[in-house]
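Below is one structure, written out as structure tokens; comments come after it.
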Amino acid sequence: MTDTSDLDGKKATARAWFESLRDQICAEFERLEDEAPTDLYAGEPGRFVRKPWDREAGGGGVMSMMHGRLFEKVGVHVSTVFGTFTPEMAKNMPGADEDPRFFATGISLIAHMRSPRVPAVHMNTRFIATTKSWFGGGGDLTPLLGYQRQQDFPDAIDFHAAYQRACDAHDPTWHAKYKAWCDEYFFLPHRNEPRGIGGIFYDHHDSGDWAKDFAFTQDVGRAFLEIYPTLVRRRMGETWSAEEREQQLVQRGRYVEFNLLYDRGTMFGLKTGGNVESILSSMPPEVKWP
């Protein structure tokens, strides 16, 4: 059952955390830009450019985009929006059938790397309130080369372990459940293949203890901040071939297909009057369909 006490305070607390996490991630990614070896990554280290936007129906957000030498394209976005769901949206949102007003705040990130040896990554966490409230989010890794897309590859093992630690700190049953949900969610039925090697995915997370649920969502964000830079540092010094770059560009096509056909966040943003530039910034900067 949703704890509705001091809902305004909870909204502000969640929003402040997502903005703080954004700042931490952007700072770490800029450090990685500085550390990238110059013999593999020419040019000046990239820096994030922030662009605020307003939603006509209520709220807005800030896009943080970087086109760097290591990070070919990365967006780390925060948004806080509120208003009234359309009847179609209200039918699918817990608590909105009683009252269609809503509030949503969160962070969303997608990184496409220049090196095909460094996996792409997606992470988002969010807090949504109607007459009920809940958290959702997760993180998933998308290696672009076939040999890295195996569950026994070291990067996959370490990525899953990071999220297992985050889950186990709160409930030892959560990781298996949210890992399976991630595998089910990030799957392309028309290709009959997963988008990547998975991670965790959760939604409508409401135990009735807001502080506990918020702490878990914070730990999901911290787990990402711990593991992904570790994997980038592990792989960014490896050289790559033209054939591997080609494989990367083709595999990126799967990313585009998933985000435009199936992704809940994309659909939610477009159907609630979100910022189109921000929503579609998840698209890779270069992609091929052979």
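Each position is counted from 1, following the chain as shown.
Just so it is clear, glycine is given a Cβ too, placed from its N, Cα and C backbone atoms.
Binding of substrate is annotated in Swiss-Prot for N124, T125, R126, G273, G274, N275; the matching candidate from S108, S115, S241 at the same site is S108. Your range for region 'Important for dimerization', going by Swiss-Prot and the list 39-74, 255-290, is 255-290. Sequence-distant neighbours of H122 (active site, proton donor) (same chain, six or more apart, CB under 8 Å from its CB) are L109, I110, A111, G139, D140, T142, S282, listed in sequence order. For the binding-site residues shown (R126, H190), fewest C-beta neighbours within 10 angstroms: H190. When the binding-site residues G273, G274 are compared by the number of other C-beta atoms lying within 10 angstroms of their own C-beta, G273 comes out lowest. Summarised by DSSP class, the composition of the region 'Important for dimerization' (255-290) is 22 helix, 0 strand, 14 coil.
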